[in-house]
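A.B. asks: This is the feature table in Swiss-Prot:
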type	residues	note
DOMAIN	2-66	domain 'HMA 1'
BINDING	Cys13, Cys16	metal cation 1 binding site
DOMAIN	81-145	domain 'HMA 2'
BINDING	Cys92, Cys95	metal cation 2 binding site
BINDING	Ala181, Gly201, Thr206, Lys216, Asp472, Val480	FAD binding site
DISULFID	Cys207-Cys212	disulfide bond
BINDING	Cys628, Cys629	Hg(2+) binding site
Amino acid sequence: MKKYRVNVQGMTCSGCEQHVAVALENMGAKAIEVDFRRGEAVFELPDDVKVEDAKNAIADANYHPGEAEEFQSEQKTNLLKKYRLNVEGMTCTGCEEHIAVALENAGAKGIEVDFRRGEALFELPYDVDIDIAKTAITDAQYQPGEAEEIQVQSEKRTDVSLNDEGNYDYDYIIIGSGGAAFSSAIEAVALNAKVAMIERGTVGGTCVNVGCVPSKTLLRAGEINHLAKNNPFVGLHTSASNVDLAPLVKQKNDLVTEMRNEKYVNLIDDYGFELIKGESKFVNENTVEVNGNQITAKRFLIATGASSTAPNIPGLDEVDYLTSTSLLELKKVPNRLTVIGSGYIGMELGQLFHNLGSEVTLIQRSERLLKEYDPEISEAITKALTEQGINLVTGATYERVEQDGDIKKVHVEINGKKRIIEAEQLLIATGRKPIQTSLNLHAAGVEVGSRGEIVIDDYLKTTNSRIYSAGDVTPGPQFVYVAAYEGGLAARNAIGGLNQKVNLEVVPGVTFTSPSIATVGLTEQQAKEKGYEVKTSVLPLDAVPRALVNRETTGVFKLVADAKTLKVLGAHVVAENAGDVIYAATLAVKFGLTVGDLRETMAPYLTMAEGLKLAVLTFDKDVSKLSCCAG
């Protein structure tokens, strides 16, 4: 074998690395390492294969190969090892420059220093010890910490070659057709895999069919109806009559159909993978049975999602209750709606029907809404919902549920007192359970956890290394954007031969109530539990000019920072369009920005996002004493 380095232009991301790697593998290359940042591919070829063939393969993949360099065996000493080194004592970009110069003088290459994250990335020749770099940093008056050697192979292609595994019907079978499934299929097709997707029901999964899309369009309708009846401006004589729910639901269903076709169904032919309709179950680790036919694949992805689950309350099974799916198909607004469960689904759908005209009561076992959130967030949304007229029942013990004609009765005990809550409709919104019981997972050696979730490792592999899983059927945050991220990563690992870890350290979440709730990073309590010395800022919404002009001032901004480094650890918001605000905070948390970084960054006036800037100023100032935009 001969080893080569080829310069490659046109790569912009890790996906490009995979495309180049697949192209090289298909023409016979081995030990492939592609790096889009350095713009190069390193690989081995049999002695009888010309490097020009490899360059042609790269060109056929729509990238631009440059000069090729053959490695001689003695050249290993010229190769580089890559390190990540924690560094304390940096406070600004000037510190970054000092460390970069020190490392360069020690022989390091490819140096990247980030004072916000407190780390340095660099490469050293194989024969240079890491202690030389650490000594150079110490001599520059900074404090080096632990050094981690970044094994290029750990995130590059493994020795997996699907071409060597025998004959199968498909390279990749995906069970499910939601966000994780489609993301994975698209990525796998880009890696030249033959892909099939199996779906027993409606294509598109929860989000587009019965979750995000239908609920959010109806929530918007409810907000407009509520504002028409309760607008805060004098001189505007608005009103709203009773809601005709049937045509509103039809409009919602038309939108769902349109988005399902555009974002899911039509993509099947666009990308060229196969859809198989039917129930699937594993026969063994390489085979599933669908509609009586056995189908084989080299790799599988289980992305079957989750469904509503009901609590164990006596009498509930005998009551005609609603789920989040069936509620959105009602053709008439009920006079009264009781909601068991006050998580994000219960709050959103409860407020929706309150805004459409129902008398709504939310019931939950815990003493406060969103008990896993910071108290300030719970207090703000509790105040908002109660101000709007929604009934909140907390600290409830459920005794039984019964139906008396058309009336559903929920018997609870609160602080030792019995109470019966009656309504024409009862919504159960107490959580979701993974969908996997019909898959016959034991036949494939796939284990599940105590909740029925599929057990996966950091690379999205199940307990069978040929079978991966992603999305709501696994542990972790149940958001469609998380599912899509995991689905793409699963394909890169399963088909692309990579070994990339899933990273869910910084995941924003939004509850689409009005005001909405958005959060990212650590709460104050979580930060303390992780050992941080914490500094917090709490800004009431009536200190944000946008809220004042909107005449909607119930809400809060809260920031959590590391008291030592002032890095932003978490951001939590209750405000109009909080979900649109939280992305900026997500970037701050992910990239280790500090309170100072945000303080020195301008925010446009009269936007809700300005609340982040004002919350930053609140760490050190009383913003009520500042003029507009002063900081």
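Cβ coordinates come from backbone N, Cα and C, glycine included.
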A.B. asks: How many Å lie between the Cα of Cys95 (metal cation 2 binding site) and the Cα of Cys16 (metal cation 1 binding site)?
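C.D. replies: One finds 33 Å between the Cα atoms of these residues.
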A.B. asks: Based on Cα coordinates, which of the following binding-site residues are within 10 Å of Cys207 (disulfide bond): Cys13, Cys16, Gly201, Asp472, Val480, Cys629?
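C.D. replies: Neighbours among binding-site residues, in sequence order: Val480.
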A.B. asks: Hey, which of the binding-site residues Cys13, Cys95, Cys629 is the loneliest by Cβ count within 10 Å?
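C.D. replies: Result for the binding-site residues Cys13, Cys95, Cys629: minimum number of other Cβ atoms within 10 Å at Cys13.
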A.B. asks: On the three-state reduction of DSSP, what should I expect for Ala181 (FAD binding site)?
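C.D. replies: Helix, per DSSP.
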A.B. asks: Among the binding-site residues Cys92, Val480, Cys628, which residue has the fewest other Cβ atoms within 10 Å of its own Cβ?
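C.D. replies: Among the binding-site residues Cys92, Val480, Cys628, the lowest count of other Cβ atoms within 10 Å belongs to Cys628.
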A.B. asks: Highest Cβ count within 10 Å among the recorded positions Cys16, Ala181, Cys207, Cys212: which residue is it?
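C.D. replies: Selected residue: Ala181.
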A.B. asks: For a quick check of understanding: given the listed FAD-binding residues Ala181, Gly201, Thr206, Lys216, Asp472, Val480, what is the maximum Cα-Cα distance in angstrom, as an integer?
C.D. replies: 22
A.B. asks: Look up Cys16 (metal cation 1 binding site) in the DSSP assignment and report helix, strand or coil.
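C.D. replies: Note: Cys16 (metal cation 1 binding site) is helical by DSSP.
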A.B. asks: Any idea what the Cα distance is from Asp472 (FAD binding site) over to Cys212 (disulfide bond), rounded to a whole Å?
C.D. replies: 14
A.B. asks: State the mean pLDDT for the domain 'HMA 1' (2-66).
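C.D. replies: On average, pLDDT over the domain 'HMA 1' (2-66) sits at 88.
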